[in-house]
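Record features (Swiss-Prot):
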type: TRANSMEM; residues: 11-31; note: transmembrane segment
type: TRANSMEM; residues: 40-60; note: transmembrane segment
type: TRANSMEM; residues: 66-86; note: transmembrane segment
type: TRANSMEM; residues: 99-119; note: transmembrane segment
type: TRANSMEM; residues: 132-152; note: transmembrane segment
type: TRANSMEM; residues: 156-176; note: transmembrane segment
type: TRANSMEM; residues: 180-200; note: transmembrane segment
type: TRANSMEM; residues: 263-283; note: transmembrane segment
type: TRANSMEM; residues: 297-317; note: transmembrane segment
type: TRANSMEM; residues: 328-348; note: transmembrane segment
Amino acid sequence: MALDKRIWMHFDLLPFVFIIPLLVVSFLLIFESSAVLSLKQGVYYAIGFILFWIVFFIPFRKLGRWLFVFYWACVILLALVDFMGYSKLGAQRWLVIPFISITLQPSEPVKIAILLLLAHLIKINPPPFKGYDWGMFLKLSFYICLPAALILKQPDLGTALIVLIMGFGILLIVGLRTRVWLPLFIALLVASPIAYHFLHDYQKKRIADFLSEKPNYHVMQSIIAIGSGGFLGKSKEACTQTKFKFLPIATSDFIFAYFVERFGFLGAMLLFAIYIGLSLHLFFYLFESNSDWFLKIVALGISILIFVYSSVNIAMTLGLAPVVGIPLPLFSYGGSSFITFMILFGILENLLAFRYIFGYNSKPSFGNFGFLAQLVRALGS
């Protein structure tokens, strides 16, 4: 039942050197705050790792048209939110799965769908030396903007911006001709003040609070918690901001402030190093000499997501960005974001582990392969 050892030779263990410490410390903080929440988080961890291994055995390079099916299925789910979505905290972002009463947030799987489809389209149409021209750019932009518009309608400005930054960040880094990106950049600068008038009142208030001289209550308490942590942090009993509930949403949106109060400036620097190291490690796959664009785009997309999520969340807790509901990746309490990232890492590890052994188009002899490796090959043929 063992996997062929050659698969493990290409399995990238370094991401887990970064991920495991995040999960351990996150679980500790959540447990200190609430034993009940820590049990739920443990369930999310279990689901995430189970899905990681399930996804690891899916032959993504062979899916082809099925990636379009997955994409459009996610778009349909996003559209259904407008008609039969479940509202919570003033936003309609969830669907209730019949008979089992479990809520699904379609904006999470759609990130995976967009990334896989972009990887597939770029693989079959690699960027020319000078970058993509208007034709290919508009084609790829359609698949990015359609779900982003549906997410924005929910309304969920934060997630919509994440989708746009991931999608267009990939296109910009992969390569666009100057006559494409320069007018787009100018148009963005001109359109930004106009777009402000189309925001919801609560979104305008967040921007106004951010620009005001005095931060709002949530951000103020977050800054106090961060400052009170000192260089080495405090014991659990001495974390007054969290203990006495001054710090809002201490295990979710503002968990960075809770972490710094607990582990201080030194802990914050280590956390920065983990996120920067993980993002750069994934980003550097783009510079591999081979022409495996599917792998490069998936790794680049995950890198952008981790960098943007962590940067925005930390900036938000420091009062350097408007307060939006963006979690700290692989660290904040909750299942949706964590499970999404574990699925993405499962896809990445699949692309790494099986790219040389099977080639997906070759027909090797199966005699020397383990049972599970043969099963993967059979599913992909």
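Placed from the backbone N, Cα and C atoms, the Cβ positions cover glycine too.
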The answer for the transmembrane segment (156-176), taking Cβ pairs under 8 Å and residues 6+ beyond its ends, is 91, 93, 107, 110-111, 114-115, 118, 122, 127-128, 130-132, 137, 140-141, 143-145, 147-149, 199-200, 203, 286, 297, 300-301, 304-305, 308-309, 312, 324-326
When each of 11-31, 99-119, 263-283, 297-317 is checked against the transmembrane segment (328-348) for Cβ pairs under 8 Å, which one has the most? 297-317
